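Here's what Swiss-Prot has on this protein:
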{"type": "DOMAIN", "residues": "4-245", "note": "domain 'ABC transporter'"}
{"type": "BINDING", "residues": "GLY37, PRO38, SER39, GLY40, ALA41, GLY42, LYS43, SER44", "note": "ATP binding site"}
Amino acid sequence: MYVIQINKATKTYNNGTIAVHPTSLNFEPGTFNAILGPSGAGKSTLLRMINGLEIPTTGEIIIQGQTLTAKNLRQVRSRTAMVFQQFNLVGRLNVMTNILTGRLYYIPWWSSILYMFGQRDWKIAQWALNRVSLKEKAWERVDRLSGGQQQRVGVARALAQRPEVILADEPVASLDPIASEEIMELLREICRQDGITIVANLHQVSLALRYADRVIGLNKGRVVFDDSPQALSNNKNTLRTIYQREDGSVDDTLEMAVTD
C-alpha cells in the first residue's frame with residue numbers, strides 16, 4: 001500500500017489562480033522524496049494539501065488508505081507531521097515544551113490548553129529529544145538556540161507525533177550550509193532507520209540529488225519530472241524545464257545548481 005496517494009488533485013483559489021493543475025502521485029513507505037521547482041511552482045500548496053491545511057478543489061488525497069475529508073482531518077493530520085522553514089516554534093518556551101506540542105493530537109482539548117501531558121507523552125518527547133541529539137538543551141528557551149538547533153527541535157516535535165510521514169517545507173532554506181547538511185543528514189537517517197516517509201520541498205538542487213531517493217519537479221503547478229536523482233543529474237535540459245519561467249528565462253536556482 002502507498003503511504004500517500006494523490007489522485008488528480010487540483011487547487012484553484014478564489015481569485016482564479018491555479019496553484020496546482022491535475023496531479024497524481026504515489027509515495028512508497030520509507031522513501032525520501034524531494035520536490036524541486038521555482039518560487040510559485042505549487043510546491044508548498046501541494047504539501048499543504050497532503051497535510052489537510054489546504055483542501056483540493058478537485059481530486060483526492062489518500063493517507064494510508066484513508067481519504068482525507070473534513071471529518072477525519074484531525075486523525076489523518078496526526079499521521080503527517082510538518083517541518084517548517086521558519087521553525088514555527090514558541091521562542092519563549094523551553095525545548096521540551098515545544099516538542100511536547102507534537103502530542104497535542106493525542107490529548108483532550110482542555111489538557112492542551114493547560115499544557116497537561118501524560119507520562120507516555122513525556123516519554124515520547126524525551127525519545128524525540130534524544131533522537132535529534134539535543135538532550136542537554138531540554139530546558140533551554142528555544143529563542144536562545146542557533147537556527148540549526150531550532151530546526152532540530154522542529155524535527156523532534158514532528159517525531160513526537162509518531163507519524164508515518166514527515167512533510168518538510170523548505171526545511172533548510174533559513175540555515176547556513178553546515179547546518180543545512182546536518183538537518184538533511186538527520187532527515188535521511190530518520191527515513192532509513194525509522195521507516196518514515198519524507199516529502200521535502202527543497203530550494204537547493206544539490207541537496208535533492210545527494211539525499212533523495214526520488215526527485216519530483218514542479219513548474220507552474222504541473223509535474224514536469226518524476227524520476228531518480230541520477231536521471232536528473234544526467235540531464236541538464238530537464239533542470240531547465242523545471243526552472244523555466246513563462247518568459248523563457250530560468251530561475252536563479254538553476255544557475256546555482258549548474259555551478260554546485
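Start at 1 and count along the chain as shown; that gives each residue its number.
For all residues, glycine too, the Cβ spot is worked out from N, Cα and C.
Neighbours of ALA41 (ATP binding site), defined as other CB atoms within 10 A of its CB across all chains, total 24. Residue density at GLY37 (ATP binding site): 27 other Cβ atoms are found within 10 A of its Cβ, drawing on all protein chains shown. Within 8 Å of the centroid of the Cβ atoms of GLY37, PRO38, SER39, GLY40, ALA41, GLY42, LYS43, SER44, where the record puts ATP, the same chain has further Cβ atoms from ASN201, LEU218, ASN219. Ranking the binding-site residues PRO38, GLY40, GLY42 by other CB atoms within 10 A of the CB puts GLY40 at the bottom. Applying an 8 A CB threshold to same-chain residues 6+ apart, the list for SER44 (ATP binding site) reads ASP169, GLU170, ASN201. Taking all protein chains in view, 25 other C-beta atoms sit within 10 angstroms of the C-beta of LYS43 (ATP binding site).
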